[in-house]
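**Q** My questions all concern the structure below.
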Amino acid sequence: MLYKGDTLYLDWLEDGIAELVFDAPGSVNKLDTATVASLGEAIGVLEQQSDLKGLLLRSNKAAFIVGADITEFLSLFLVPEEQLSQWLHFANSVFNRLEDLPVPTIAAVNGYALGGGCECVLATDYRLATPDLRIGLPETKLGIMPGFGGSVRMPRMLGADSALEIIAAGKDVGADQALKIGLVDGVVKAEKLVEGAMAILRQAINGDLDWKAKRQPKLEPLKLSKIEATMSFTIAKGMVAQTAGKHYPAPITAVKTIEAAARFGREEALNLENKSFVPLAHTNEARALVGIFLNDQYVKGKAKKLTKDVETPKQAAVLGAGIMGGGIAYQSAWKGVPVVMKDINDKSLTLGMTEAAKLLNKQLERGKIDGLKLAGVISTIHPTLDYAGFDRVDIVVEAVVENPKVKKAVLAETEQKVRPDTVLASNTSTIPISELANALERPENFCGMHFFNPVHRMPLVEIIRGEKSSDETIAKVVAWASKMGKTPIVVNDCPGFFVNRVLFPYFAGFSQLLRDGADFRKIDKVMEKQFGWPMGPAYLLDVVGIDTAHHAQAVMAAGFPQRMQKDYRDAIDALFDANRFGQKNGLGFWRYKEDSKGKPKKEEDAAVDDLLAEVSQPKRDFSEEEIIARMMIPMVNEVVRCLEEGIIATPAEADMALVYGLGFPPFHGGAFRWLDTLGSAKYLDMAQQYQHLGPLYEVPEGLRNKARHNEPYYPPVEPARPVGDLKTA
């Protein structure tokens, strides 16, 4: 053994060939700060071996290296710029020394090689991969850019266009694509990986392969003519501006850095990468996006822990077809759980099956599946007008009309048709679960399961624990949601649960602004372009359905009369009374017509201004700051109340529910991350300016306490240690 650390070791293989093996405790390898330091020590040992002829890098895990240790990022991002720059220089010196070894090197790459894992293999001369490879640089999705030489080596290896596509979008690619663009040199079966890598290494040692020529382009300026450079970088900047926009500085910074570094050799180019990385790491956007990643891991880990002793349902059923029922049935069948779809109406069943078939056909068009797979999936959805097959199902989700009487009747009838251990769930969006449970003989087997529309796209499923829901019931429903590829978050019961409970105060803020003379077009523009929501409130209401919102608003007002009962006729009432229900009937805040692809396209409609004039004061202008404050304060206050009342368990789960369920702008990180970034005291000052607007603007006592003591909602993070203090792994 030449070297042994906690996460990697170095040993001789044969004839002067050494192997460096990543083998961290646990299930995956990560390139954390200690592992980078260890790698440096191992390379130091190699540099002393006069009889070294070649080096093989490999992993003892199912994945090569999944990336840097993102749990370290928040503490690294807190250190002063100079200290972070020193750490990057240190890490890059390690990869440079790997690249500069006076012998040929090869990485045998299996599974994931992402972020730092990808940057590590870019420093070797050759790369051989297995068919399950996923390789790429996802850093821009975390608000940063590659920092271990990825933005320098990849363009010089692949050419600017292919590298920009991966780096700017934060993409990873599979084995076939990686081979096609030159990111790997070959793909072999897993059992042949080491043998194949050794064969390439021997050819390089024997002089049959010119490894020095292979290495050289990575050390030199990017080979690109002036015209080619102008075209590549102009197109890339245009694409980034269109897709990422101003709220995500990392992609455009990465493109500009690659452009600026193109004319330099490795050392100068790495210095430019360092200078660009450090300021990005100190942005609020990077902290928020890293926070989302960590919260996502936390939420998924919680679901995994909850379901460790529970069997995933093998057969499911959906009550109520139509678009929503068809979407749920498709998602379940697509992920391998056969489903019975029941409705009392043949037309609705046809609609549900058509929806499932449409979604599968889209997968076929994209080349994700073939005709055989499509037929196989659709054959596991069984439409029925009766309860045939319900005696075999493990779980049933009810998705009928949002009416408590109808839901209670359907659930009570279904309970008589299923096994005593079958779990029942309701896809209600607002009706308290404990109220629906009153109709059941086995309320412990019942809970809420709130999907978001469109089901196949929206990652969140709210799992609602009723007063009598058992732990086993919750675990089974969480297991099914996870199997469906969704992110389940368990919340406690109340009107609107978590997501709708916090959404309707936001809509109330919108209604009050309109009442006071604001223009809905400006509000939408500000909330989309400035705050960063995917849709402004008017457009969102049109998509949700004005009739749906009108009904839900009444349910919420009954549930929380002190805050949510209004004493005036608002814009939602006016549009509802005029039969303007949004996209579903082509008339809402806008008029809708189908475009060439059959998607609704919004157009101005002067008639809506006349309708709104009946419920509004004369038009006046509001500043962007006031619009954002008046829209967001009611929502954030309600989010805080939900945490204080135990409706949602943690700030992490609240923020993920907002991002995955409502499209809360990821670069803000969620309501609690936004609050922490703004500071509770500053938020309190802002909110107090609007408390005259009513109870929705009154800041909860818990938040006032946070402001008084200057406490964040997320646990404080300690800055990382200086480079000199690093311990090896």
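From the backbone N, Cα and C atoms, a Cβ is placed for every residue, glycine too.
Okay, these came from Swiss-Prot:
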- His450: active site, for 3-hydroxyacyl-CoA dehydrogenase activity (ACT_SITE)
- Asp296, Asn500, Tyr660: substrate binding site (BINDING)
- Met324, Asp343, Val400, Val401, Glu402, Lys407, Ser429, Asn453: NAD(+) binding site (BINDING)
- 1-189: region 'Enoyl-CoA hydratase/isomerase' (REGION)
- 311-729: region '3-hydroxyacyl-CoA dehydrogenase' (REGION)
- 708-729: region 'Disordered' (REGION)
- Glu119: site 'Important for catalytic activity' (SITE)
- Glu139: site 'Important for catalytic activity' (SITE)
**Q** Within 10 Å of His450 (active site, for 3-hydroxyacyl-CoA dehydrogenase activity) by C-alpha distance: pick out those among the recorded positions Glu119, Asp296, Asp343, Val400, Glu402, and say none if nothing qualifies.
**A** none
**Q** Do me a favour and check the Cα-Cα span between Glu139 (site 'Important for catalytic activity') and Asp296 (substrate binding site); whole Å is fine.
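**A** Each residue's Cα considered, Glu139 (site 'Important for catalytic activity') and Asp296 (substrate binding site) end up 16 Å apart.
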**Q** Across the listed NAD(+)-binding residues, Met324, Asp343, Val400, Val401, Glu402, Lys407, Ser429, Asn453, what is the farthest Cα to Cα distance, given in whole Å?
**A** 19
**Q** How far is it from Glu402 (NAD(+) binding site) to Asn500 (substrate binding site), counting Cα to Cα, in Å?
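**A** Counting only the Cα atoms, the answer is 14 Å.
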**Q** What is the interatomic distance between the Cα atoms of Asp343 (NAD(+) binding site) and Asn500 (substrate binding site), given in whole Å?
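**A** About 26 Å separate the Cα atoms of these two residues.
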**Q** For Asp296 (substrate binding site), write down the residues of its own chain that are at least 6 apart in sequence and whose Cβ falls under 8 Å from its Cβ; none is a fine answer.
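**A** Asp296 (substrate binding site) has long-range Cβ partners Thr487, Met656.
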**Q** Given the binding-site residues Met324, Val400, Lys407, Tyr660, find the one whose Cα is closest in space to the Cα of Glu119 (site 'Important for catalytic activity').
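**A** For Glu119 (site 'Important for catalytic activity'), the spatially nearest of the binding-site residues is Tyr660.
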**Q** For Val401 (NAD(+) binding site) and Asn500 (substrate binding site), determine the Cα separation and express it in whole Å.
**A** 17
**Q** State the count of C-beta atoms found within 10 angstroms of the C-beta of Tyr660 (substrate binding site), not counting that atom itself.
**A** 24
**Q** Whole-number Å only: compute the distance from the Cα of Ser429 (NAD(+) binding site) to the Cα of Asn500 (substrate binding site).
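**A** Distance between the two Cα atoms comes out at 7 Å.
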**Q** Could you tell me which of these binding-site residues, Ser429, Asn453, has the fewest other Cβ atoms within 10 Å of its Cβ?
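**A** The binding-site residues Ser429, Asn453 were compared, and Asn453 has the fewest Cβ atoms within 10 Å.
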**Q** Could you list the residues of the same chain, at least six apart in sequence, whose Cβ is under 8 A from the Cβ of Met324 (NAD(+) binding site)?
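**A** Met324 (NAD(+) binding site) has long-range Cβ partners Ala399, Asn427, Phe451, Asn453, Val455.
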**Q** Using a 10 Å radius around its CB, how many other CB atoms surround Val400 (NAD(+) binding site)?
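**A** There are 24 of them.
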**Q** May I ask which residues of the same chain, at least 6 positions away in sequence, place their Cβ under 8 angstroms from the Cβ of Asn500 (substrate binding site)?
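**A** Sequence-distant Cβ neighbours: Ser429, Thr430, Ala552, Met556.
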